[in-house]
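Residues or ranges marked as transmembrane segment in TrEMBL: 44-66, 179-195, 215-231, 243-260, 266-284, 296-324, 344-362, 416-437, 463-481.
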Amino acid sequence: MMYIRQRKEIKTIEVSEDFPAQKENVKLESKLPSGCAYRRFWKILSFAIGGTVALGIGLLTSVYLATLHENDLWFSNIKEVEREISFRTECGLYYSYYKQMLQAPTLRQGFHGLIYDNKTESMRTINLLQRMNIYQEVFLGTLYRALPIQKYLEPVYFYIYTLFGLQAVYVIALYITSWLLSGTWLSGLLAALWYVTNRIDTTRVEFTIPLRENWALPFFAIQIAAITYFLRPNLQSLSERLTLLAIFISTFLFSLAWQFNQFMMLMQALVLFILDSLDLLPAAKVTWLYSIQITGLLLVCILQFFNSMILGSLLISFNLSVLIARKLQKNLKAGAFLTRIGKLLLHLFLVSCLTLFLNSIIKKVLNLKSDEHIFKFLKAKFGFGATRDFDANLYLCEEAFGLLPFNTFQRLSETLLFYAYVFVLSITAITALVVVFHNLSDSTSSQPVGKMRMCTVDLKPETAYNLIHTILFGFLALSTMRMKYLWTSHMCVFASFGLCSPEIWESLLKLVHLYNPKRTCVVRYSVPILILLYLCYKSWPGMMDELSELKEFYDPDTVELMNWINTNTPRKAVFAGSMQLLAGVKLCTGRTLTNHPHYEDSSLRERTQAVYQIYAKRSPEEVHALLRSFGTDFVILEDSICYERRHRRGCRLRDLLDVANGHVMDGPGENDPDLKPADHPRFCEEIKRNLPSYVAHFTRVFQNKTFHVYKLSRNK
């Protein structure tokens, strides 16, 4: 009901951008003191109300998501071990370092334990601050110890409330971006409401709280908002400098929080490259943005103790190549249409070759293999040859790394978001094509970027940036479902901006010969208001049902396992098992692991494949030797993996291991002709028969309906 009351005030707080066709009227009005004061008053009032609405909708979103998390798990009532188990897979691993910082006797010892860690990977000391993006856990752990809140707020709540608070920042940043693009805060309100009503496809924070993306995406949204403002023409010097500072800080924090930062910023660099090449952005501003990306990433590299994966990233190679190529081709934006097309193709070829050359040199010098699994995955995913590589197939078989399902568009259409997005995207893309053709056809290249003197259409630099941004990230989301959250949130911004944009409605009304300024203003506000009313009518009952639905966390088998480990195994015991389960073992018990879910290390990937032979067709002697080579004392077998049915044949973990080992897969179906029957039965099945050859090496010490724990003998 609150939204309806706010919308009734919209007509009295309109702040629209000046129309190019009304410049003379504006000049006349500016001469009148009363008119100028009147406009200034409404501008200040609009800013105050719009800012208040932004803050309110951000806080409401944060409370809404936190309430859903509480209602889904009954988080306030369950035991501490159950709370920790609820942080599934890698989430539990990241949270364990926050817990480690709190349990350390002093902050100095906490830092030392992270820099010289020998419990995350057995028989190996690693620098966690170099390997993983966990500075946020370090910061929160330090802050919690420093603040006088220990008596009033449990550590776990301090952690999750911080993440839900960042969601408020995220929504406010989306709101501001849409407001900047359209000129009215009504657009921001629509973007925020679309984000909330499409929650299933815009965020997953309420059930994967510690994931790196939930830390990073709010800062990415702030960066996009700052870039949108920075690209406005005729900014004052102070405003430009402050905006550049905001871009740098948000870029740095985004890069520090997520290991996939370089790939997201590479997409962003491609956006800048396309726009710069097509003369849609000022070259000087593009250079600033390239430099900020490089500087921010190098600063993160320093903080991560010169992480080689950052130094060998494609982003640094690409940005350097673009800057070098621009120096070599100084007259890139001069000449007739065909000449400029030829220069652009040559520029693209030069940048591509330089990028590949620089990247290969850097990787060869650094002997970098940390990200090779990603390129193997991409090569197989896009049809450049089949692969039997275990790591690549592990990604290929996960639904999150598959194509975006069609039902995503069905859900987005129910809130009218997808229809509005396609409508705005089509009109803006057509406008961009006209402007690009005009830019390339003008041999003088003397007109200001984004402003057409001889052309009847106009594309602002900030609009052009967000257009190419949403297109490229749309392709990324379509190809990889896990990346849809980067696209769908920006989809809310872009669609809401277009529906409130005076330029879009002006173009449409002129096309059907119905244009006049008043009609444009009426349509510009009435359409989003009607959509807001529709969203409230359609979504309010469902949201109330969600908030009233009370569930409870229930995983007795995992709780029993963790309690058994805590009470029946030595503190220094080493555990082997699946990556996902071992992350929980580390968090709940503090025991040493053989492997874990943070997969961005080549030696860890080799170790994980070796440990996973417990689900392959290998002899007990081979499995025992492999596990003991990592210092394993206990191994945990999971029936859900050994007898997996979730994936189709060929994508079950046991199938991936069989193919990698050159063995025929189980069950009916085709096999590659060179695969051969294994000499031994499947280890995880055969060990349960307690045959002498298995009992000699493995003793079962714990069992329930889900897990089987075996202690390894120390004999050779």
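Each residue, glycine too, has its Cβ placed from N, Cα and C.
Small disclaimer: the values here were computed from a predicted structure and weren't measured.
Contact counts against the transmembrane segment (416-437), taken as Cβ pairs under 8 Å, peak for 463-481 among the stretches 215-231, 243-260, 266-284, 463-481. By number of Cβ pairs under 8 Å, the transmembrane segment (266-284) is matched best by 463-481 from the list 179-195, 243-260, 463-481. Packing against the transmembrane segment (463-481) from elsewhere in the chain are residues 177, 181, 224, 227-228, 231, 267-268, 270-272, 274-275, 280-281, 381-382, 399-405, 408, 425, 428-429, 432, 435, 450, 487-488, 490-491, 493-494, 497: each is 6 or more residues past its ends and has a CB under 8 Å from a CB in it.
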